[in-house]
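Data first, discussion second: the structure below is written as C-alpha cells.
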Amino acid sequence: MSSRQSNKSSNVHCSCSNQKNHNLAKCLKNQLVLRAEREIFYHNQSKINLKNFWKKRTLSIIMMAISALFFTLGIIFFLGVARTVPTGVSAIPALTIIIINSQYEVNIGWSFAIIYFVINIPLIIFILVKVSNKSFSYLTFIWLFFQIVWNQVFSLDTPIRTFLINNILIPNQEGSWTIFYYTIIGSILSGWAIGMAWKFGGSCGGTDYITYYIALKYRKPIGKIMFSISIFFGLFSIIILYFLEPSQVDGQLLGQKLASVFLYLIVSSSIVSRIYPKYGKILLQIYTNHPEKIVEHLKSIKYWHSYNIWEGVSGYTGQKQWRVETIIYIIEKNAILEEIAKANVSFWYSATKILQTTDRFDATKIN
C-alpha cells in the first residue's frame with residue numbers, strides 16, 4: 001500500500017479541514033465531542049435494550065462514574081464537613097448519619113450510599129414500569145453503583161481522603177463563614193454531577209426520578225422542578241433536625257442551617273439548568289440560496305418539527321436569499337445542523353433562545 005493511501009486510511013475519521021496540518025489531539029477531542037453529542041441526542045438512533053445498551057452507551061456509562069465521583073465528593077465530603085443537610089431523598093441518609101453520629105458518637109458516613117441505594121429501589125421499579133425509556137433506568141442504576149464505590153473512598157480512611165483533609169479543608173473551622181464556604185463548593189460539585197448525569201441520559205436517583213416523571217409529563221425545565229421538590233425535603237430535614245437534634249442547628253429553626261440549605265438549592269439547581277436545559281427551545285434560522293434542497297432532505301428524514309421558508313434580498317449583495325426557520329429543542333441543534341449539512345448546500349445559521357412558546361411541541365425524539 002502506498003504511503004498516500006496509508007495516510008488517507010489512517011485519517012479516514014479525521015475532522016481537520018487541512019490534512020497537512022493534521023492534529024491528533026484535536027481530532028481525538030472532536031471525535032469525543034461527536035460521540036458525546038450522538039449519545040445525548042441522535043434522531044435516527046435504534047432502540048436501546050439491555051443487549052445493545054453497553055455498546056451504544058459506553059461514554060454515558062463513563063460519565064455516570066465521573067458524575068457519581070463529583071456528587072459523592074460534594075455531598076459526603078464538603079457538605080458532610082459543613083454538616084449542611086442536602087435536599088431531596090439524599091437528605092434522609094444524611095439526616096440519619098448526622099443524628100447517629102451526634103447521639104452515639106459513631107461515624108457511619110460510609111453507609112450513606114448504601115442507605116440511599118435501598119431507598120431508591122422502589123423508585124427504580126416505578127420508573128421501569130411507568131416510563132418506556134429503559135436507558136434512563138439502566139444508567140441511573142449504574143450511577144448508584146458507582147456512588148457506593150466512591151462513598152467508600154471518601155468515607156473510609158483512604159489516601160484520597162487524607163489528601164483532601166490535609167490540602168483542601170480549612171484548619172481552623174471557627175466562625176459561620178466556613179459553613180457557607182463548604183456549602184458553596186459542595187453545591188457546585190453536586191450541581192455539576194446532577195447536570196452531567198441528566199445530560200448523558202441518566203440521573204442521580206432519589207427525587208430525580210420524580211423530577212424526570214414530572215418533566216416528561218408536563219415538559220417543564222428540570223432545574224425548576226428539582227428546585228421546587230428539593231425545597232420541601234430541605235425544610236422537612238431542618239424541622240426534623242430541630243426537634244430531634246437541636247444542637248446541630250444551634251437551637252434555632254431559622255439560622256445558618258436554613259440559609260445553607262437555600263444556598264445549596266440555588267447554586268446546584270442553577271448549574272443543572274445551565275448544563276441540561278432539556279426542554280429549552282431555540283429558533284434556528286438557516287440562510288441559503290438553495291432552500292429546495294434543504295426542504296427535500298428534511299422531508300426524506302421525516303423531520304418532526306414545523307418550519308417556514310422566507311424569501312428576501314440581501315442588503316450586502318443585493319441578491320435573493322432564502323431563510324428556513326424552525327423552532328427546536330436546544331439539545332437537538334447539533335444533530336439537526338448535521339442533517340442540514342447533508343443537503344450539500346452552502347448555508348449559514350443563527351440560533352436565538354425562545355423564552356416562551358405553546359406547549360404543543362413534538363418531544364418524542366428527546367424522550
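Just so you know, glycine gets a Cβ as well, placed from its N, Cα and C.
If you look up TrEMBL, you'll see 59-81 (among others) marked as transmembrane segment.
Among the features that TrEMBL reports, transmembrane segment is placed at 108-129 (among others). Residues 72, 75-76, 80, 89-90, 92-94, 96-97, 100-101, 136-137, 140-141, 144, 147-148, 150-152, 155-156, 205-206, 209-210, 212-213 of the same chain sit 6 or more residues outside the transmembrane segment (108-129) yet have a Cβ under 8 Å from a Cβ within it.
Per TrEMBL, the feature transmembrane segment maps to 136-154 (among others).
Per TrEMBL, the feature transmembrane segment maps to 179-201 (among others).
Under the heading transmembrane segment, TrEMBL lists 222-244 (among others). Residues 85-89, 91, 94-95, 98-99, 194, 198, 207-208, 210-212, 214-215, 252-253, 257-258, 261-262, 264-266, 269-270, 272-274, 276-279 of the same chain sit 6 or more residues outside the transmembrane segment (222-244) yet have a Cβ under 8 Å from a Cβ within it.
Marked as transmembrane segment by TrEMBL: 256-276 (among others).
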Next item on the list: State the non-local partners of the transmembrane segment (59-81) in its own chain: residues 6+ outside its ends, Cβ under 8 Å from one of its Cβ atoms.
Entry: 32, 35-36, 39, 90, 94, 97, 109, 112-113, 139, 142-144, 146-147, 149-151, 153-155, 161, 164, 169, 173, 182-183, 185-190, 192-194, 196-197, 199-202, 204, 264
